[in-house]
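J.: According to Swiss-Prot, the feature active site, proton acceptor maps to Asp228, an assignment based on similarity to another entry. Residues annotated as ATP binding site in Swiss-Prot: Lys123. Feature annotation from Swiss-Prot assigns compositional bias 'Basic and acidic residues' to 311-329. Per Swiss-Prot, the feature compositional bias 'Acidic residues' maps to 330-344. The domain 'Protein kinase' annotation in Swiss-Prot covers 95-250. The annotation region 'Disordered' is assigned in Swiss-Prot to 311-344.
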Amino acid sequence: MVNLNIKAMRYLSAEDFRTLTAVEMGSRNHEVVPTNMINQIAKIRGGSCTKSLSVLFMHKLIAKVPHISYEGYRLTYAGYDYLALKALSKRASVYSVGNQIGVGKESDVYVVGDQKGKQYILKIHRLGRISFRSVKNNRDYLRNRKTGSWQYLSRLAATKEFAFMKILHEHGFPVPAPIDHSRHCIIMEMIDAFPLRAVTDIRDPPALYQTLMDIIVRFARNGLIHGDFNEFNIIVREDGTAVVIDFPQMVSTSHPDAQFYFDRDVQCIVQYFEKNYQYKGDVPNFEDISKMEKENNLDIMIEASGFNKKQSKELEKYRQEEEKRKENGDDLSDNYEEEEEEKE
């Protein structure tokens, strides 16, 4: 897990952020960015980033990698967090960062506030958490990997989720209102609700079951399938109304495996209500829904908004690689940031 510690942010100078941005830019083509390249990109007066590099390294916003043939630095998760939060704070979307309220394999969730004290949710996507130490024992992993770097993948996931959330909200779906996003971070509406898995007393299970199935069907009639529709990604308000969250795995109904994803979403709800409430309701059929007239083609509208098929395929390829890795039993650590071998 990567801890979000923003205490150093207020003490970083404009030159420090310029240097950090230079490392980010160099990371597009280099896992470890040569120091001379950082100097060239940053273009700091005097020509040297030495002082800023020392400050950034001290705060673990960049890191050195041992056993390479040149001097250079890589961007850490913390460094990428700082760049995103700096951009969001400049746009007045974030003023303060509060408690962490969620952590997953691919994201961390925090409460944040704006200058007026209004609270929002900050979701930080963290795809591709890989330990260099583990990779040393799995040498073929990076060589054979077809997808991009962790920061690129995380940014893609955030871009996708924000695009889907925005268009769904605009069309009246029960999703959080999207506020802003930068790089791998999303700011969204904070909703007073609890995950379905944590709600032990649902007033009317049949009604909620039908509501959730109606949402799945409505997604499909608008050209979309959630792809991960389960008790972890549905939150329930005190009045019993449901809100859907978490959209990085959403796919079009034209996807080759659309029926598989649709049926999986449906069965997640069926099994949850059978297990927890001994209730079994009607089950929608993908073929029947496919024959209905579509309400909208939101999948096409999403692509027009900027998240295209190429990006979607890159994310899907990453997820397929991760599934294969799990099937092969590869044990790659999630702790990418704090390896003993990287300390000096």
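Here the Cβ of each residue, glycine as well, is placed from N, Cα and C on the backbone.
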J.: Counting every protein chain present, what is the number of Cβ atoms, excluding its own, within 10 Å of the Cβ of Asp228 (active site, proton acceptor)?
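T.: Here the count is 17.
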J.: Cα of Lys123 (ATP binding site) to Cα of Asp228 (active site, proton acceptor): how many Å, rounded?
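T.: Cα of Lys123 (ATP binding site) to Cα of Asp228 (active site, proton acceptor) measures 17 Å after rounding.
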J.: Count the other Cβ atoms sitting within 10 Å of the Cβ of the residue listed as 'ATP binding site', across every protein chain shown.
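T.: Looking across every protein chain shown, the total is 25.
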